[in-house]
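For reference, TrEMBL has these:
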type: TRANSMEM; residues: A:38-62; note: transmembrane segment
type: TRANSMEM; residues: A:69-90; note: transmembrane segment
type: TRANSMEM; residues: A:96-116; note: transmembrane segment
type: TRANSMEM; residues: A:148-165; note: transmembrane segment
type: TRANSMEM; residues: A:196-215; note: transmembrane segment
type: TRANSMEM; residues: A:245-264; note: transmembrane segment
type: TRANSMEM; residues: A:284-304; note: transmembrane segment
type: TRANSMEM; residues: A:316-335; note: transmembrane segment
Amino acid sequence: MLLTGLGLGIALGFAMQRGRFCVTGAFRDLWLTGSTRWLTAFLIVIAVQSAGVFALDAAGVITLDPQPFAWLATIIGAFIFGFAIVLAGGCATGTYYRAGEGLVGSWLALIFYALFSAISKTGALSTPVAALRGITVEASTIHGVLGVSPWVLVVALVTGVGLLARHHRRRRPSLPLVSLPARTGGIRHLLFEKKWGAFTTALIIAALAILAWPLSWATGRESGLGITGPSSNIVNYLVRGDPELIDWGVYLVIGILLGSFVAAKGSGEFRVRLPDVTTTIRSIFGGVLMGVGASLAGGCTIGNGMVDTATFGLQGWVSLVFMIIGTGAATRLFITGSARIAASPIRVPADR
Amino acid sequence: MAQYTLETDGQVCPFPLVEAGAAITKLDLGDELTISFDCTQATDALPRWAAENGYPVTHFDRVGDAQWTITVQKA
């Protein structure tokens, strides 16, 4: 049964790589270009998944069990995590799938992210992290606070996101979008060459995110998609050798790595790429802060931003807001205000 | 009409996009800018940037494994 995690992870890694689904990019674009196209795609995943999750809950397949909201740790952790993903060049899943594309910077970010997740959850930093997460309020979900049925929120979210998606689909750029020339046909073209639309990719990821719930539940891991916990489990397993730590989530993240590798290799997009010195240092520090931030916040862009939000958890939505603010701060510091953007185009001599 | 090149290989997103945006401001109308890049996400971001800014794309292709080139005209 644990193998369903591997299968789902492979499908997820494949879809994310081919669809260029990057949550860091979605948050960063807000501050960099003001574009909400990828954020809309991300919200589609949340909205569709919320309908699926509450349907599964109503059918008794899963039972949502909201926890008290650790507000202070969530706010601090989410800001740190949002800041860190700009440094690392990808969020938790983004780092996994870029690692599968052969980016050595993402390998480093991934290693330090997993290591510092373990340190923060069960290691040297676990005491302060647990103390901060002990500061809670009784409220745990938005529908709980409002005293309404979660379906009111599902309908409101699906409607709002639907309108936003329609707005983007109607807005056409002034010139047609250019695609790479096709070299293959049939199923191979569809899987490894054709450009996947942002919203199509979002719908595929939403379907996988819904499917994750019952599959994970069946193995005793009672939650949906998650990245930080499994990453921490891998480190703990490697150093302690306790096979109990290998759960559905561990298979899931290994699957993401495999799936993105297959997608990248099949489409000629895999190459081992070494980062320069600045990118190397940023990847390492980004990974460290991602591990600490996600452990404090109780989740990453996926666990909190995409999954807890779909259950209308306060932790998920507060986290989403503060991750976006953190991303904005790092974008100002390291991208728009960066001295690196000094590149001048080189003129090609006319006689060439 | 002059030709310019911008080398961004080894830079992760969004730097190819940010640098292309900065570079094109230095060109005259009608000049062409060829951007080499190896960040996968830019295969989505750069053509969209060109289309939204009204810069015609005169060439867009793979050069090798995870390596691409795109040429846009300042218009």
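The backbone N, Cα and C atoms fix where each Cβ goes, and this holds for glycine too.
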Candidates A:96-116, A:196-215, A:284-304, A:316-335; stretch with most C-beta pairs under 8 Å toward the transmembrane segment (A:69-90): A:284-304
Do the transmembrane segment (A:245-264) and the transmembrane segment (A:38-62) come close, with at least three CB pairs under 8 A (pairs 6 or more apart in sequence)? no
Using a Cβ-Cβ cut-off of under 8 Å, list the residues of the same chain that are 6+ residues beyond the ends of the transmembrane segment (A:284-304) and lie near it. 23-24, 70, 73-74, 76-89, 91-95, 108-121, 125, 129, 132-133, 223, 225-229, 231-232, 313, 315-316, 319-320, 322-323, 326
